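For Q167, K341, R370, S371, K392, the entry in Swiss-Prot reads (2R)-2-phosphoglycerate binding site. If you look up Swiss-Prot, you'll see E209 marked as active site, proton donor. The Mg(2+) binding site annotation in Swiss-Prot covers D246, E289, D316 and is backed by sequence analysis. Marked as active site, proton acceptor by Swiss-Prot on the basis of sequence analysis: K341.
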Amino acid sequence: MAKIINVIGREIMDSRGNPTVEAEVHLEGGFIGMAAAPSGASTGSREALELRDGDKSRYLGKGVLTAVANVNGPIRTALIGKDATAQAELDQIMIDLDGTENKDKLGANAILAVSLAAAKAAAAFKGMPLYAHIAELNGTPGQYAMPVPMMNILNGGEHADNNVDIQEFMVQPVGAKNFREALRMGAEIFHTLKKVLHGKGLSTSVGDEGGFAPNLSSNADALAVIKEAVELAGYKLGTDVTLALDCAASEFYKDGKYDLAGEGKVFDSNGFSDFLKSLTEQYPIVSIEDGLDESDWDGWAYQTQIMGDKIQLVGDDLFVTNTKILTRGIENGIANSILIKFNQIGSLTETLAAIRMAKAAGYTAVISHRSGETEDATIADLAVGTAAGQIKTGSLCRSDRVAKYNQLLRIEEQLGEKAPYRGLKEIKGQA
């Protein structure tokens, strides 16, 4: 038995200079797992609660000492003596101990950090890599895939201080033979984009996730400069590289309208979907995330109707990694893909349940970081261990993003042909 003998919580810093929760789980025999909770900027209203202290005299109210105390107090007491390999049982103990719908008593940041640390400790106890342990927890032992990265190389919206409304413009190196080559392609495009922007006299400062954040006149301009960079880097857009958008549309949804302030345009629900469809006809955009507000379910039905057969429509704020909400989406034919963020739901077990439900319904699952990250690379192991096929973990700079890419390089080196890189086949509507 992988007996838990100690649980430790502490306050550490995330990539935006805000506190977050780190946890350690110690087992008999000296096995230790350590993990940290990430934090989002554009958040869905139905996400599990990230517990902050609210003490304005400390970290401007963003301290997490209350959540840390919950780790070191009630969570530790409840888990001492339990078996770390029984992940579902551990997570349920913490969920029951919290007793709320959105984990606002103990904090999703406290529960998640312990949940992931326990998984890492259990993997160490079993003498296997974390991705292999996750595959076993998922009921798919030995079934792996290297994910196609969605690389956020140009930022707008909540992730940058500029006049671009769409939050993320991403490249996907779908023509690569393996993940290592995909990473190289993305890096070359990233550096070429810097030269293109510099040549136009535009800013090459970066946003929260490492993408550039220049002041462009429109969202179409953002796509145009990326196209230029891809081609200058020696790649063919639409064959070697495809494009993906994260609109984060909830951030500019006001009074039932989509207000693109940067463009000086206001759309109704169907009008904005038509606008996005027109972009997919001009550029090889194969994936659109949060193309409408999380509450605009009628609009989502229309968007899915006009694009769902050819474009991957990813629900992030829409589904918040929650199986109850995803069930409603599946039953109503809303979207065709789900973004998976650990901290939206708050435990590894619930995260795996959302991935399994999506796959069973023919939806894709895209594993994702948050804008506030740490050096913790657990999502890399999650992507491979569930054979999710796609990952979003930022641009090709900032060590909090690159840590995940480097872990994927190590995993690919270990697994070789056991973890194929399937490129375009992983993306809904493109197989």
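Heads up, the Cβ atoms here are built off N, Cα and C, so glycines get one too.
Sequence-ordered, the extra residues of this chain that approach the Mg(2+) site, with Cβ no more than 8 Å from the Cβ center of D246, E289, D316, are Q167, E168, L245, C247, A248, I288, D290, V314, D317, L339, S368, K392.
Cβ neighbour count for E289 (Mg(2+) binding site) (all protein chains, 10 Å cutoff from its Cβ): 28. Within 10 Å of its Cβ, the residue among the binding-site residues Q167, S371 with the fewest other Cβ atoms is S371. The separation of E209 (active site, proton donor) from S371 ((2R)-2-phosphoglycerate binding site), Cα to Cα, is 6 Å.
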